[in-house]
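As recorded in TrEMBL:
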DOMAIN    11-106  domain 'TIR'
TRANSMEM  194-218  transmembrane segment
REPEAT    464-505  repeat 'WD'
REPEAT    517-541  repeat 'WD'
REPEAT    552-593  repeat 'WD'
REPEAT    604-629  repeat 'WD'
REPEAT    785-826  repeat 'WD'
REPEAT    839-873  repeat 'WD'
REPEAT    878-911  repeat 'WD'
Amino acid sequence: MAASGLRYAAFISYSTDADRQLARSLRGELHRFNRPWYRARALRVFLDHAGLAASPGLWSSITAVLDQSEYFILLASTEAAASSWVNREIEYWLDHKSAERLLIAITNGTDGKIVWDATTKTFHEGMTCIPPALHGRLPEQPRCIDLREVRSENFSAQDPRFKERVAELAAPLHGIAKDDLIGADIRQHRITRLLIRATVATLTVLTLLAAATTVVAINRAHFAETKRAEAEDQRNLATTRLLLQEADRARVDDPRAAARLGAVALWLRDSDAARAGLRETMNSTPIATTLHQILPVRAKFATTSPTLAVHLGGAGVALLDATNTGKPTYLNWNGTDQQEQTEAVDFAADGKLLALGNRDGSVALVDLTDRDRPRQIGRAVPHGSGVKSVAFSGSTLAIEGGGEIVLWNIADPAQPQRLASLGRQSGPVTFSPGGRTLMTATSQHSYLWDVTDPATPRQLSKFAAQTSGPLVSAGFTPQGDMLMTAGFDNLVILWDVTDLSAPRQLGPPVTDDSRFVAISPDGQTLATASDDRTVSLWDISDPMAPTRERRLTGHTGPVVSVSFSPDGLTLATTSLDQTVMLWRLSDSSLPRKVSQRPIANRAVTALAFAPGGRLLGVGTADGAVLLWETTDPGSPRAIGEPIVGHAGELNAVAFSPSGTVLASAGGPHVIIRDIADPARPQALSSRGEDGPYAGTMQALRFLPDGTKMVTILDGKLQIWDVGDPRRPRTIVERDASMQGPAHRLAIAADGRVMATASRSLNTLEFPATIWDSTDPTDPTNVSQAGGHGKWIHALDFSPDGKTLATGGDDGTVVLVDVTDPSSPRQLGQPFTHHSGSMVSSLLFTPDGNRLITASEDGTITAWDLTDMATPRRIGQQKRAHTSKVSAMAISPEGRTLATGGDDGKLTLWDIGGENEEDVDLMKQACAFAGRGLNEKEWYQYFDRAALPHRNICPQ
């Protein structure tokens, strides 16, 4: 039967034109064969949708099913062999699953016997039913079943010959021998018949007793099956929890191990907790892909494509597409049957020519016009010993090997011509952008050469690039005005080469235990590879004082090469730990910043979206309100002029449920405006106190029906009747126990519960006050919740009103169950915004699945609330502003987050993205971790007898 965790026992691939009826009958018989009487089917088998119109959605659905199938059954026919869909499915299976689990049922296409050629590892050429995708891909003859004699126009699923053939296919699916399977099927059939006969006889003798007996028997069978399933589920649950706990512990120090553990937990039990844990691991590190056990020496990206060349020392060269690393192309040419031992690689500028510098002193020139079919077209043999470095510049190739540097003309790569020798030198060769300057080195000095005419190179300068020892790597910035060098002294030095005759060191060396460097395509970032197993990214916009922006951790051995992709968004590294890693340098996790705009040098103090999500109200420290059009969050635009009227800082803005009325609170007043035309707002009313002792309006919200409004004025909770916004009136006022400048108010979506925050100085705890506002004319203080070590500064209710989140000056967030507002219950332990700074604002997303927190240090963090008792951080903390995040708002549809800061900036973020349930987390985790758990690791968590080792990440 299907392996635990896989949805289908088999996937049937066939030609709908030739074998539609046969395929359906085969699936039906596989469902029936050896089926216990109490089950709907013995196995779950999927029928392919071959023949349907090609579409991206269809193919992704088919690959998802293939990933969830244990066996692949091919109905081989002449028509199937010609089907692009069938061939595509076979290729996907062989690339991602095991050839040992491919079964073939031949339905036509050969008149003789089924003939396998062990030498070519394929079927006899006369077998026209075998799809081309199988040729040369099978290590040994697969299991084949001959269905030709039962396939005809008069085909019948009741044909005994057909049933016998089905048994041959079903046996491996059930994991038992064919004869044993047939015996088991006969027994099941007999049991079913006996049960039927016994039931009929008993009903005839004593109908009521028979009915009762049958019910008891069925109930017992179901009870036993239920108990067995419950026991297995509990065992899996316990193991899943253990795996997730281990993953949590490993996440910081070894994220790849955490991903392996999390992937097994998800495979074992697909639960919200397992998905949340694995998602947290995937978002906690920039590692995108890990390629294992390929013995990498160096890796280098092409300059115009995501093609990555990884030279493997004595094992040749692998070409990888960084966007799809599953199918590397291996290069190995030296005119003999032995593997080429490549020491250096470089791409020509157009990416269509590759130079391979080899240990035998030769350089192979490889045509990559068709990357899947590279071909060697030329060879230069400048030296009798190993080539250590090669570099292209137009039609010139520089080669260092045997202690000499030689320039070659490769205008015709099939016949490279030697141009000139630069003498005895043994360091890396590097061309400047444009190719007019070449840098070379000896063990003591570095040289810059004018190679405008490569046949007569001219030395421009000689300088000591390193303090001691030879140079290891070097590179020019894309602008050509700076040079970076690194050597055995573990120092990286930046040079001003504006004057090529006199290179000038810029600032002190970067001391990072590094000998390998790479420069980003925009020239702003330097990557250094270190013996301490890390990679550092340096901001070199000020070359006199490079600053480390990030340190990438994940390798378990010294890092020996770094290379940027052409777009600068991916970094490739190789290490002595025998891995190649691809790192994401752009943070694609949500929230994702899409735009930032200055607000006329005013600190932003309040934000609110209108109900339609198109309009955003922005309150400022000087008392103004600005309206912004945010239909396209990437290009927001201000509407009209700032709306003035408040004498002091604006503390709150709110739109009515209709979206046509805007209220703002600041100083001692609330001002209500008609914004039916946002470009021409009309003041409707202003209410509040005047005079030297006037208070401050600290918060404002509309109730859901739009006829009531809630404000806080100097610690007093006020409810207003705004049915006629031209004549608002206070209908109730309560003491909110608020002393000091606290100004936080939250209202549940249905308006039946409210919460206010207090800055009471008379208690060691600082709870929120919960109000029953079912009758808005008589709100009642019913409880307190969400105690913090310092004052509460942020409040929000979940969309269903059952959870209250509070954020404090102590940097913690508390979640409280307020299903019964009179008896609030804290959920789990307080958790801390990453920096530990004051939580200045927090909001639930409209789906209730996430919480966004903001801090006085200018950062925001997203939290996964799948399990309210244990929120998990999503991705990395994001820098929103250079100072305190003073306000946040989320659009009603939940896709856009707005943040405002004391720095006077408005920032819009994408917090929507694709449905996480549709993301193949398992495939991402396997690519990230490089492999699943090995046998030793597996049996630390599973009993050998209960669950043998499974490779959930096929190579």
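Cβ atoms here come from the backbone N, Cα and C positions, even for glycine.
Just so you know, TrEMBL annotations are computer predictions that nobody has curated.
Between the repeat 'WD' (878-911) and the stretches 517-541, 604-629, 785-826, Cβ pairs under 8 Å are most numerous for 604-629. Contact counts against the repeat 'WD' (839-873), taken as Cβ pairs under 8 Å, peak for 552-593 among the stretches 464-505, 517-541, 552-593. For the repeat 'WD' (517-541), same-chain residues at least 6 beyond its ends with a Cβ under 8 Å from one of its own Cβ atoms are 473-479, 482, 484-486, 490, 492, 494, 510, 547-553, 555-564, 566-568, 571, 573, 575, 577, 583, 585. Taken residue by residue, the repeat 'WD' (878-911) breaks down under DSSP into 0 helix, 20 strand, 14 coil.
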